[in-house]
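See below for the structure under consideration.
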Amino acid sequence: MFRTAIPLGRWAGIAVRAHWSVLVVLLLITDLLASAALPRAAPGASPGWYWVTGLLTAAGFLASLLLHEFSHAAVARRHGVEVKRITLWMLGGAAELEDEPATPKADFRIAVAGPVTSALIGMVGLGAAVLLAEVVPPLPVSALAWLGVGNLALAMVNLLPGAPLDGGRMLRAAIWARRGDRARAGTVAGRVGQVLGAALGIAGLAQLLLSGRLAGLGLVLLGWFQIFAAQAEFAAGPLRERLGGVRVREIMNPSPTVAPGWWTVDAFAEHAAGAGHDRVFPVLSFDGVPVGVVSLGDLIRVSADARRATTVADVARKDQAVTVVGADAHVTELMKRVFLRHGRDLVLVTESSALAGVVGAGDLARAVELATLGHRPRASDLR
Ligand SMILES: [Zn+2]
């Protein structure tokens with residue numbers, strides 16, 4: 001949906017982008033303000049002033065939308081969850097979290113921050129309009145009042161209790177806190193979101209047909225988006241639920257071909273040629289401690305005449321370049337942390353700092369495919 005977004009740089013370490021549909025919204029709001037709302041509220045100004053004020057007000061509204069998203073990001077950060085990026089688009093904004101909040105309390109706080117921010121901006125806008133009404137010309141006062149009302153409306157729409165709206169996330173957090181099951185809570189909030197979307201769509205359609213008001217079209221659009229987005233949230237549920245309890249131990253390969261770090265590249269290449277089907281290997285130190293990962297591709301990069309003098313440990317990827325997890329870690333947590341390339345990457349699985357096994361791209365894909373088929377992957381001795 002957001003593939004054609006325009007990057008707007010990094011703000012406070014968070015990448016901000018805008019989908020081209022934001023331009024449409026900017027123009028629609030400007031037009032609504034300049035040709036109808038402002039002339040009605042503050043008559044007597046020249047058309048040019050209405051357009052300039054309309055454009056500035058529309059831009060101000062988009063800026064307050066951005067503040068709404070940044071408030072989600074700031075609270076998420078305080079709870080140890082990084083934000084990948086913020087995207088503005090036709091029907092609002094989206095702050096994409098790097099991770100899911102660890103507790104229902106954090107989940108609730110991150111969600112509620114947005115509507116609270118919008119409500120505050122709304123009250124400040126309306127308050128300023130009231131205070132300045134005597135000293136400032138009516139046109140800027142009307143613009144401030146409109147910004148205030150717009151932000152209050154934004155806060156209210158976002159409080160509707162269906163995922164993926166903020167209210168839906170708050171509902172999820174509340175159910176999660178009561179029942180102790182995040183995945184289940186997400187599914188319920190997703191369902192409520194679909195019902196809400198259908199209700200909004202029907203209300204919009206009725207308004208469009210009965211009164212002929214174009215505002216109904218906005219509701220239909222919002223309802224349609226709501227059903228669509230709630231479905232995505234809902235669809236993610238069952239798979240996560242099934243993989244939720246699966247541990248790395250159950251999907252790892254417990255007996256991979258290992259690469260002794262002190263061997264030469266040449267000696268290990270000869271050994272690998274006759275040892276199974278692997279293209280990527282865990283590297284062990286002389287004391288049997290897993291120290292890195294090496295692939296046949298890494299060995300190829302050593303020039304032919306250096307292969308007898310270079311050790312496997314010299315070319316292995318180590319430290320930050322390699323993911324190490326405990327055998328009891330959850331597969332879903334691992335999936336959030338790594339992207340594995342076939343034949344290139346490997347996750348080292350350890351148990352009391354010794355190598356217990358490895359997880360490759362194929363193992364993760366297999367776990368997802370089995371979960372989609374409704375089966376739980378389990379450790380097997382048929383490898
Ligand atoms: Zn929000």
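Think of each number as a place in line: the chain as shown, counted from 1.
Glycine is no exception: its Cβ is also placed from the backbone N, Cα and C atoms.
Residues of the same chain lying 6 or more positions beyond the ends of the transmembrane segment (20-42) and with a Cβ under 8 Å from any Cβ of it are 4-6, 50-51, 53-55, 57-59, 61-62, 88-90, 137-139, 141-143, 145-146. Residues or ranges marked as transmembrane segment by TrEMBL: 20-42 (among others).
When Cβ-Cβ distances below 8 Å are used as the criterion, the transmembrane segment (48-68) is approached by residues 16, 22, 25-27, 29-35, 38-39, 86, 88, 92-93, 114-115, 117-118, 121, 139-140, 143, 146-147, 150-151, 154, 158 of the same chain, each at least six residues removed from its ends. Residues or ranges marked as transmembrane segment in TrEMBL: 48-68 (among others).
The domain 'Peptidase M50' annotation in TrEMBL covers 58-132 (among others).
Marked as transmembrane segment by TrEMBL: 110-133 (among others). Only residues 6 or more beyond the boundaries of the transmembrane segment (110-133), in the same chain, are considered here, and those with a CB under 8 A from a CB of the stretch are 64, 67-69, 71-72, 74-76, 79, 81, 97, 101, 140-142, 144-145, 147-156, 158-159, 166-167, 169-170, 173.
Residues annotated as transmembrane segment in TrEMBL: 139-160 (among others). Within its own chain, the transmembrane segment (139-160) is flanked in space by residues 33, 37-38, 41-42, 45, 49-50, 53, 56-57, 60-61, 64-65, 68, 92, 114-116, 118-119, 121-129, 132-133, 166-168, 170, 196, 222, which lie at least six positions past its ends and keep a Cβ under 8 Å from the stretch.
Summarising the annotation, TrEMBL assigns domain 'Peptidase M50' to 142-196 (among others).
The annotation transmembrane segment is assigned in TrEMBL to 188-210 (among others).
As annotated by TrEMBL, domain 'CBS' applies to 248-303.
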